[in-house]
Amino acid sequence: MLLGLPEALPSLVGKRFAAAKEAGALVFSATQLAVLPAAGVQYQLRYCPALAKKPVPVKAKENKGPKPDPFENPSPDLLVAEIPPQLQNQSSGNAAGGDGGHIIVLNKFPVIPRHFILATKQFRNQTDLLEKEDLEAAFACIKAWKSHNDETKTKESGGRLFAFFNSGDESGASQPHRHLQFVPIEDMRDQEEEDNNNDESSSSSAWVPLIDRVVNTPDDDSGFRQLPNLPFKHFAVPLDESASPDTLFQSYLSLYRAAIDAVASAPAAVSGGGGCCWSPEAKIAKLAQTSGPAAISYNLAMTESAMMICPRRSETAHLLPQSAAEGENGTVLSGEVSLNGTILAGTLMVKQELEWDDLRNRPDKINFLLAAVGLSNMDC
């Protein structure tokens, strides 16, 4: 699939990001970053107090109107492109294989520069299985980003993209309109280098995206790639840059089925009580599924060389003892950490100083967090 853009994707995203930031159309929140080891894996931990949630006013709670859809009529300041572009001049929304095509928009509240989103032009449920056209468009973005970097040989012009998809109530998804998110890996590393330069006690890390570590391991008996020391169930397959839409879709379905099987096989305490309640017939039906509502919550990740999935049992994990204590400015010090698909890149974010300090002092607690939100390998 060719995106058909007027200029290179990294250039379009970079220009729109700079302009939107200058105009105040997006809110970029600076973060502190530490690279922490846990069970032989290096993780990026970000601290962003600006995103800490404050108590919701009573009047806001009383407003029970429908939640606005940010992708239905996106702000022109955030809209990067429509793909395929010919849809802009057609009254029918049916030109892209019947799915209405996609739009590329900037994340309105990024913590990493050039964070952008690929959303379906017509409403599709975030909790439904991805369609072949979604994967085709996402992979086209990934390849276009890397291809421009290969041609120019400059980090600023491209590099690699990490794509992730949050699906289900326990996945960290925030919008019901189907969308995949993309973060430039080089922009993630840039902050790491800046923090290391400003902190003499911080050594140069061996951080690489977790999905890269996993896909570079040999296939196991199941035919998937897994990292033995990760504390949560996960499955990955390698991708070829020439992979067809059909190949991408079949890879996705194979991973989804592996996740379904893992949930069905896990004890109730580990799976959250979901899969253990399926009858044999129900499990067979879910394994045969190719469309419609997903049976589980999960995170999916993709690069130009790999696709990876992890089933989820919880959106959050409690790092600290639950407490209603309030800190400065009314922030709640509950120790509740919310995680999404960026865990498959080996990155996490906290919003409270106590959480930030606790994880830096005890990096091994990262394994506890990951086991708590996924299907724990520790208990299986």
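Placed from the backbone N, Cα and C atoms, the Cβ positions cover glycine too.
As given in TrEMBL:
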{"type": "DOMAIN", "residues": "6-189", "note": "domain 'Ap4A phosphorylase 1/2 N-terminal'"}
{"type": "REGION", "residues": "59-78", "note": "region 'Disordered'"}
{"type": "COMPBIAS", "residues": "59-70", "note": "compositional bias 'Basic and acidic residues'"}
{"type": "DOMAIN", "residues": "228-374", "note": "domain 'ATP adenylyltransferase C-terminal'"}
Note the mean pLDDT of the domain 'ATP adenylyltransferase C-terminal' (228-374), expressed as a whole number.
89
Tally the residues of the domain 'ATP adenylyltransferase C-terminal' (228-374) by DSSP class, grouping H, G and I as helix, E and B as strand, and everything else as coil.
62 helix, 32 strand, 53 coil
